[in-house]
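K.L.:
To start, I am sharing the structure in question, which I have written as structure tokens.
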Amino acid sequence: MSFKKETPLANAVFWAARKGNLALLQLLLNSGRVDVDCKDAYGTTALMVASYSGHYECVRELIMQGADINLQRETGSTALFFASQQGHNEIVKLLFEFGASTEFQTKDGGTALCAACQFGHSRVVDTLLKNGANVHDQLNDGATALFLASQEGHVNLIRQLLSSGAKVNQPREDGTAPLWMAAQMGHSEVVKVLLLRGADRDADRKDGSTALFKAAHKGHCSVMEELLKFSPSLGILKNGSTALHAAVMGGSLKAVDLLLKANADPALPNTNNELPRDLTKSERILRVLRLPLMNGES
């Protein structure tokens with residue numbers, strides 16, 4: 001968290017809030033020479049700094065001195081946002097006790113819930129949801145709290161959100177669903193949980209790629225194994241290729257082998273009339289691709 005300090009006294013207030021120096025903070029605020037809501041050029045307040053830094057007693061002192069809990073920084077962030085982002089659950093509870101709102105958004109649409117989910121703070125998420133946070137909160141690009149948790153691999157938090165009513169297939173504006181993002185990032189446990197909770201195994205992005213296609217291209221074999229348990233499409237996708245083409249292009253021999261064992265067809269061309277074998281010079285992969293053809297399986 002960066003901030004610009006304006007005056008020597010404001011500078012001292014920010015320093016005390018950041019370091020958790022309660023005695024100095026009280027001295028400055030009681031002097032009557034500095035506003036409890038003094039701001040820097042970004043709109044940062046001492047309450048935001050103390051909340052971000054996790055100094056409970058300083059946060060309480062600032063509130064008792066009349067700090068406005070719901071002031072927003074230039075970016076839209078509030079004290080609650082910063083406390084949630086950093087996982088300071090007791091401070092989150094304290095802010096709620098004195099009227100913090102869950103509805104404020106940053107310029108990119110982020111809420112305190114989104115921040116807590118992105119950074120995996122399950123206790124904070126529980127507190128936020130109990131105090132009115134909307135489990136369907138999403139960024140301006142459509143990424144939901146569940147999407148952010150899936151992207152970062154926070155399995156227990158994902159279970160928590162799904163149990164609170166989060167939509168497992170809610171995509172981002174570009175069509176990317178939580179399952180697709182988890183597959184891209186290689187989070188096999190997340191993929192497993194999402195599939196068991198009803199995620200569409202063949203949901204595709206606007207570019208036509210599916211979770212299996214992306215995992216195959218990245219060589220995330222543990223993810224592929226979870227997806228293959230749910231019999232995803234091995235045929236031509238909307239992007240004109242198959243998962244086998246993706247695996248070959250990605251260069252993972254194990255990924256290619258997994259797909260062949262799942263009965264992917266090495267003789268199926270993409271819409272450019274290219275066979276998977278046309279997309280690699282790897283002798284090891286070419287050898288594996290030839291085996292089904294030699295055995296008459298295609």
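Cβ coordinates are placed from backbone N, Cα and C, and glycine is handled just like the others.
Just so it is clear, the model here is predicted, and its values are computed rather than measured.
The repeat 'ANK 1' annotation in Swiss-Prot covers 8-38. Annotation comment: Swiss-Prot describes 42-71 as repeat 'ANK 2'. If you look up Swiss-Prot, you'll see 75-104 marked as repeat 'ANK 3'. Annotation source Swiss-Prot lists repeat 'ANK 4' at 108-137. The repeat 'ANK 5' annotation in Swiss-Prot covers 141-170. Per Swiss-Prot, repeat 'ANK 6' is recorded for 174-203. As annotated by Swiss-Prot, repeat 'ANK 7' applies to 207-236. As annotated by Swiss-Prot, repeat 'ANK 8' applies to 239-268.
Map these features onto the structure and tell me what's around them.
P.N.:
When DSSP labels each residue, the repeat 'ANK 1' (8-38) comes out as 21 helix, 0 strand, 10 coil, counted as helix, strand and coil in that order.
Per-residue confidence over the repeat 'ANK 2' (42-71) averages out at a pLDDT of 98.
Long-range contacts of the repeat 'ANK 3' (75-104) within the same chain: residues 1, 42-43, 45, 47-48, 50-54, 56, 59-60, 63, 69, 110-113, 115-116, 118-119, 121, 123-124, 127-128, 131-134, each at least 6 residues beyond the stretch ends and with a Cβ under 8 Å from a Cβ of the stretch.
With DSSP states grouped into helix (H, G, I), strand (E, B) and coil, the repeat 'ANK 5' (141-170) comes out at 17 helix, 1 strand, 12 coil.
Remote same-chain partners of the repeat 'ANK 6' (174-203), defined as residues 6 or more beyond its termini with a Cβ less than 8 Å from a stretch Cβ, comprise 141-142, 144, 146-147, 149-155, 158-159, 162, 168, 209-212, 214-215, 218, 220, 222-223, 225-227, 229-233.
Beyond the repeat 'ANK 7' (207-236), the same-chain residues lying 6 or more positions past its ends with a Cβ under 8 Å from any Cβ of the stretch are 174-175, 177, 179-180, 182-184, 186-188, 191-192, 195, 201, 242-244, 246-247, 249-252, 254-255, 258-259, 262-265, 268, 270-271.
With a threshold of 8 Å between CB atoms, the same-chain residues lying at least 6 positions outside the repeat 'ANK 8' (239-268) that come near it are 204, 207-210, 212-221, 224-225, 228, 232-233, 274-277, 279-280, 282, 284-285, 288-293, 298.
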